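According to TrEMBL, the ATP binding site annotation covers A:Ala51, A:Gly52, A:Ala53, A:Gly54, A:Thr55, A:Gly56, A:Lys57, A:Thr58. Per TrEMBL, domain 'UvrD-like helicase ATP-binding' is recorded for A:30-309. If you look up TrEMBL, you'll see A:310-584 marked as domain 'UvrD-like helicase C-terminal'.
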Amino acid sequence: MTRFDENDAFEAAVPLSRRAMAARPQPYLDDLNPAQRAAVMALDGPVLMLAGAGTGKTKALTARIVHLLDSGKARPNQILAVTFTNKAAREMKDRVARMLGQVEGMPWMGTFHSISVKILRRHAELVGLKSNFTILDTDDQLRLLKQLIVAANIDEKRWPARMLAGLIDNWKNRAWTPAKVPASEAGAYNNRGTELYEQYQHRLRELNATDFGDLLLHVLTIFQAHPDVLAQYQNWLPYILVDEYQDTNVAQYMWLRLLAQAHRNICCVGDDDQSIYGWRGAEVGNILRFEKDFPGAQVIRLEQNYRSTPHILAAASGVIAANAGRLGKTLWTERQEGEKVRLIGHWDGEEEARWIGDEVEGFQRGRGDLRLFGLDDMAILVRASHQMRAFEDRFLTIGLPYRVIGGPRFYERLEIRDAMAYFRLAVSPEDDLAFERVVNQPKRGLGDKAQQEIQREARSHGLSLLEGARGLLARGGIGGKGAGQLRAFVDGIDRWHAITLQRDHDHIRLAEQILDESGYTAMWQADKTPEAPGRLENLKELVKALEQFENLQGFLEHVALIMDNETEEAAEKVTIMTLHAAKGLEFPVVFLPGWEDGLFPSQRSMDESGQRGVEEERRLAYVGITRAEQVCTISFAANRRVYGQWQSQLPSRFIDELPAAHVEVLTPPGLYGGGYGAAGMASSLEAKAMRADVYSSPGWKRMQDRGASRPVSQPREGRHVTIDLQAVSAFTLGCRVFHQKFGYGTVQGIEGDKLDVAFDKAGAKKVVAGFVVPAQQADDIPF
DNA sequence: GTTCCAACATTTTTT
DNA sequence: ATGTTGGAAC
């Protein structure tokens with residue numbers, strides 16, 4: 001973690017010296033194109049940099065920072081540079097450092113959350129917190145909510161805590177404090193949503209804790225309620241830069257607007273076509289209305305692409321063109337060479353994995369006239385993480401080294417979270433959530449009963465759980481084997497806590513001591529399940545990670561905000577990851593498998609968000625294609641096993657949108673000459689004929705022999721039926737409908753453009769009317 | 001208090 | 001198919 005001087009960050013703005021104004025060579029401007037240079041030089045007034053994929057936006061952004069400093073306009077601590085991820089923040093820091101040779105003085109470069117924490121620690125008392133508040137992660141949050149749900153006598157089965165957590169998160173993303181949640185949301189979570197939200201916030205305050213949403217929301221509240229504090233920050237930070245602006249949610253937007261109001265010197269960089277986080281509150285609208293929010297804003301488009309071949313750009317543009325309401329950009333490149341985007345259909349998912357494995361090996365050895373590619377140059381980008389498995393299986397079989405990005409993160413693993421809870425207890429023994437997590441981990445014979453006793457004791461005296469336990473032991477309120485174990489646990493915490501208070505204690509040694517004395521290490525050593533050795537390994541790694549910090553406290557703070565795990569192994573490997581994880585990356589060779597309707601675009605996205613959902617999926621397709629520098633291969637399978645069930649698939653509607661002139665359709669290899677290779681590009685009638693062909697093919701018979709079931713009739717027309725809002729009237733209560741994925745069902749309810757449908761096979765689901773057809777329409781289509 | 005089995009869900013993910 | 005979770009049996 002980059003260390004910075006607290007005082008430096010909060011130092012009042014000092015008039016600039018003249019020395020910086022002196023003429024100096026400005027090499028960082030030299031290798032910019034005209035658009036980039038315009039974005040860098042426009043230092044007065046609001047700027048929106050619309051930067052398409054691969055157009056050098058990070059370069060322009062960092063050059064702008066350097067220019068701000070170099071021209072003497074701003075001192076390093078006067079620039080607020082916000083990103084979404086730690087990775088992006090790190091990259092920006094690195095690049096500024098490379099251009100300038102130092103970043104120590106840039107205390108306000110970081111993620112929305114890390115900057116918010118810095119502000120909130122200073123003004124915590126304004127929102128009823130102490131400045132040493134703890135930051136809860138999703139797990140702690142859920143446990144807290146569960147307690148509230150139980151206390152409120154709600155059936156947790158029908159109203160899961162996850163749902164409430166999601167709801168509260170959504171509200172916080174929209175900057176709604178409990179008091180500001182609009183009446184229209186009153187029905188949420190069985191009519192008790194707002195009430196529980198309020199209780200939750202109350203509990204958090206009692207625990208002197210915040211969740212991630214609070215970090216932003218509290219700062220927002222402070223800014224709104226205390227104009228003097230806001231004015232202070234406005235003066236401190238007259239220059240604002242924002243990366244990935246298309247991903248900001250309403251709370252972040254308000255946060256930014258308040259800070260930018262005074263000086264109006266804000267530069268936002270983003271690409272409306274790459275907004276793929278709508279489902280977690282990102283508002284494309286923020287970028288679309290930038291010019292309205294900041295009148296007189298300059299909009300600068302970066303359109304020259306330095307990454308991909310013309311064919312790849314054309315394919316991506318063709319797909320994204322189908323979206324409505326874009327700001328619009330036309331990517332171009334000076335490059336001439338390059339091959340077309342390749343499209344291939346496969347019989348099933350396994351064949352697809354096999355083929356891609358072969359291709360990867362082919363590229364590695366050098367394929368025809370193409371240059372050799374290393375494994376690091378190749379990536380497989382999937383829509384959903386469960387698609388990764390097929391590739392892992394295949395690559396293991398053929399011994400192809402691969403790396404999966406986006407598995408469960410290190411700090412989210414069970415054993416790491418347990419160990420961290422022990423550390424938390426050692427640092428702050430009053431941390432009740434940590435106490436709860438590990439009192440009985442390893443098993444100490446302290447089950448529900450004993451824990452309830454501790455709770456009661458603590459609550460009745462207004463003490464922490466640890467003190468409650470101590471009190472219970474003192475008055476003999478607990479008996480048997482549990483008592484001795486609890487005594488040892490309490491003593492242990494006291495002992496460890498005492499050590500943390502010593503100056504110059506060895507915190508690494510302490511960590512080892514905690515894990516040993518608590519019996520936690522022993523617990524995993526005794527465990528004979530196959531994953532136990534791995535877990536022990538992880539614990540060792542955790543202790544090693546401590547070396548970079550001065551004490552446990554600093555480490556815990558870091559982990560709460562960072563939560564990532566960048567163990568980069570050197571060996572060459574193919575990368576497998578989701579499309580979401582791939583944003584911001586690039587690879588010479590990209591494979592995009594699984595382009596089948598229902599998988600990509602995802603059925604759920606369409607059912608829940610209708611046309612808006614399809615548009616976001618389409619942006620995801622755009623992100624996918626534009627990751628490729630030289631070779632981009634899109635593929636789909638006619639049959640796929642989904643949750644252990646064979647399903648016949650239709651090529652993605654996005655395949656229909658690919659501009660044929662830039663696509664090379666590869667003949668499907670193998671036995672099954674069903675003609676699926678071009679199905680996605682054929683007219684619907686032809687496609688239907690081809691499907692009929694496939695179902696009568698020997699290949700399909702063979703699949704049936706292997707246990708595949710005959711697919712539900714999936715009318716291709718269904719994919720393109722778009723029923724406008726009035727046409728919801730085509731549906732009545734009780735009418736029969738047909739859905740691509742779930743088959744036949746009966747309409748149970750109608751709300752707006754959503755239908756509540758009881759499907760014969762899949763149970764009750766809510767779907768957008770545009771994505772089901774009246775049953776008789778489906779019956780008309782022969783199969 | 002612990003272990004085992006049936007029911008259940010199952011896009012995407014950062015902080 | 002597979003992993004998680006809650007409740008019943010031990």
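Glycine too: its Cβ is placed from the backbone N, Cα and C atoms.
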Shell list (ATP; ref centroid = CB of A:Ala51, A:Gly52, A:Ala53, A:Gly54, A:Thr55, A:Gly56, A:Lys57, A:Thr58; cutoff 8 A) = A:Asp271, A:Leu302, A:Asn305, A:Tyr306
Of all the binding-site residues here, A:Gly52, A:Gly54, A:Gly56, which one's CB has the most other CB atoms within 10 A?
-> A:Gly52
Per DSSP, to which secondary structure element type does A:Ala51 (ATP binding site) belong, with helix, strand and coil as the options?
-> strand
The mean pLDDT across the domain 'UvrD-like helicase C-terminal' (A:310-584) is 84
Name the secondary structure element type, per DSSP in three states, that contains A:Thr58 (ATP binding site).
-> helix
Binding-site residues considered: A:Ala51, A:Ala53; fewest surrounding Cβ atoms within 10 Å belongs to A:Ala53
Cβ packing number for A:Thr58 (ATP binding site), 10 Å threshold | 17
